[in-house]
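Peer 1: Below are the structure tokens for one structure; questions will follow.
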Amino acid sequence: MLKAPAESAGEAYEREIAADRLAREIGRLEGAEKGLVFGRIDWADGTALRIGRIGLHREEDDLPLLVDWRANAARPFYEATPVHPMGLRRRRHLRLEERTVVSVSDELLDGSAPTDEDVVGDGPLTEALSARRTGRMEAAVATLQAEQDEVVRSAHRGVTVVQGGPGTGKTVVALHRAAYVLYAFPRAAEEGVLVVGPNARFLDYISQVLPSLGENDVDLATCRELAGASPAAADRFDTARLKGGAELADALAGLLRAYQAPAGDFTVRVGREPVHLSDEEVATARDAAAAAVPGHNPARQVFKELLVDAVTDAMQRDMGDVLEQIDADTVAMTGLDLDRFTGAGRHRGEGAADTGPAHELDLDALRADLLDDAGLDRAVEALWPRLAPGDLVRALLTDADALAEQLPRLTAPERSLLLRGPDAPWTDADVPLLDEAASLVDGPPERTYGHVVVDEAQELTAMQWRMIVRRCPARAMTLVGDFAQAGPVATARDWKEALAPHVGPRFRLHDLTVSYRTTQEILESVRGLLARIAPEQKPTRSLRGGESPRTVTTPPDGLAAAVLRELRAQGAAHPGELLGVVCADTRVGELTARGVAHHARVVPASEARGLEFDGVLVVDPEEITAARPGGERDLYVALTRATKRLCTITVQPA
Ligand SMILES: Nc1ncnc2c1ncn2[C@@H]1O[C@H](COP(=O)(O)OP(=O)(O)OP(=O)(O)O)[C@@H](O)[C@H]1O
């Protein structure tokens, strides 16, 4: 298609659109190559339906060959149980490698005895859960569990919240929900679906799931990427948390108002003439401009036009006054009544807008001249300066007086944490402030979405929530997270607090209760820690048992050697398994330099959220706990990343 010559620009454009559509279709079909068919349901009467990642029809008679897993017809595959078989006799799971069937597993739902045709064995879920990890998350479309499927397939279009302990499948639900929305809600699909994750490492981890479900049109982004920012520095945690508070949004809006036609009379110089505008006239123009269009810069043109109107009125009024004076002087000097000659009595005492023909101004020409007038431009620049988002944020954060005026509820020490130098680089915590300023200064973001999915949503600050919600005008969102895993900068303690400013109490809360990642033994080993960091949270249960977690103790100077020893031992005992080493952020450099990365992925504790490995080494838990405020939650995250084996390396006190 791209080779065919295009006759015109229009044709070239159409050709590109068509090629783009075909490329996406190819992507969809190629994605389906991985496990195209994974399920089959059989009714008692012998009819059957095959279920797959996409739907396929026979060309000649439109007969369905394969039903898309999201179609209503596929529901019984996920919902039928032996207690409610929904008319099914058998549910079959197939596992394919490319085009070869490598395993088959059946569940008989109606209580009938297995025949030679049935393959009843270990469940496919057990198989999926004990499979080796690859470092990339896989779709769980063949084994979605009923409590997960209920959320994925929910008809609710507003805000759906999913909470649950580590490994309960929150990410699985979030991503399959995104795929379901694209399939079932065409309006939202047309406007686009966005998935927000906490960092690039996490997005990379989940990046394959949606393409493998045939969905290549979902945007994956961190908050930084949404704002198009790449800050070079980080703030102290207390500063970052302060910058995350919603008061900052009010402060920026308040400061912006101070830029827009501050109170007071104003004199505009038009040509050589000063034209005087009253406080009230300027304020009327300001309020009307601010209400006319969102965004300070777009409203600037409106303000300019309103100011021109005000100046025109004022000039007309002034001219009326001058002419009256001349008339009065003439009468006084000559004793003649001019009106008798001109018939233009209407301008007397009937308001400036009604000057008589003798003194008529060409208002349109005057307005046109004013719009081009340098003096007027200077007035607009003084009353309504053009701003860049960074100007506004800098104006707030570099000026102690502005901070005091706009953030009266903060204490002086808190405000001094916010104060920065004019040349200081932008930080991560500045990103939502810049985004807020961009929406105040330039208007709402151009790219918005019909549905937004947020993973690890407990991490968001109030300011980050604002930037995400701003991109979802329909407030159709799926939010998943676990407040027991919240990091040091998170500003909300629960969903109510996080969502109240945006949707009030209007959200549906679902709980996931079963951990599909960790073993029962690992969950039990963190129970005491969980009771300390989230006493109100019910511990999750696991479907699987395994080895008990181990602890290895080492002298301080033997830490890296102990890590290497343990990794070699695990590598020898369980070849091919994916190992992760989670340590305090400051320890990453040393462990990498010592060659740990040849054996395992080295992950700083601050970036471990959402990830998983077959075996995990948690290095120096005390260091992880002490590294950041709320460090026990970082430790809890680190200890819950393993699917099979957990080993903690502790350091002997010197
Ligand atoms: N229905 C399922 N079938 C197969 N595997 C599943 C299923 N549900 C969850 N899993 C697996 O369990 C593991 C944990 O799932 P997931 O990462 O979604 O949990 P999470 O609740 O987001 O965890 P965390 O709180 O740690 O981020 C993943 O490997 C996932 O593939």
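Each residue, glycine too, has its Cβ placed from N, Cα and C.
Heads up, here are the entries from TrEMBL:
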BINDING   G164, G165, P166, G167, T168, G169, K170, T171  ATP binding site
DOMAIN    143-519  domain 'UvrD-like helicase ATP-binding'
Peer 1: Please list the binding-site residues from G165, T168, T171 whose Cβ falls under 6 Å of any atom in ligand 1.
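Peer 2: The ones that qualify, in sequence order, are T168, T171.
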Peer 1: Among all protein chains shown, how many Cβ atoms are found within 10 Å of the Cβ of G169 (ATP binding site), not counting that one?
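Peer 2: The answer is 22 other Cβ atoms.
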Peer 1: Is G167 (ATP binding site) helix, strand or coil when read with DSSP?
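Peer 2: DSSP call for G167 (ATP binding site): coil, neither helix nor strand.
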Peer 1: Per 10 Å Cβ neighbour count, which of the binding-site residues T168, T171 ranks highest?
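Peer 2: In terms of Cβ crowding, the pick is T168.
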Peer 1: Near the ATP site, what residues other than G164, G165, P166, G167, T168, G169, K170, T171 in the same chain have a C-beta no further than 8 Å from the centroid of the listed C-beta atoms?
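Peer 2: Here the nearby residues are D482, L512, S515, Y516, R517, T540.
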Peer 1: List every residue in the same chain as K170 (ATP binding site), at least 6 positions away in sequence, whose Cβ is under 8 Å from its Cβ.
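Peer 2: Non-local contacts for K170 (ATP binding site): V162, Q163, G164, D455, V480, G481, D482, L512.
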Peer 1: Relative to the Cβ position of G167 (ATP binding site), how many further Cβ atoms are located within 10 Å?
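Peer 2: 26, counting other Cβ atoms within 10 Å of G167 (ATP binding site).
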Peer 1: Counting Cβ atoms within 10 Å of each candidate's own Cβ, which of the binding-site residues G164, G165, P166 comes out highest?
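Peer 2: Checking each of G164, G165, P166, the winner is G165.
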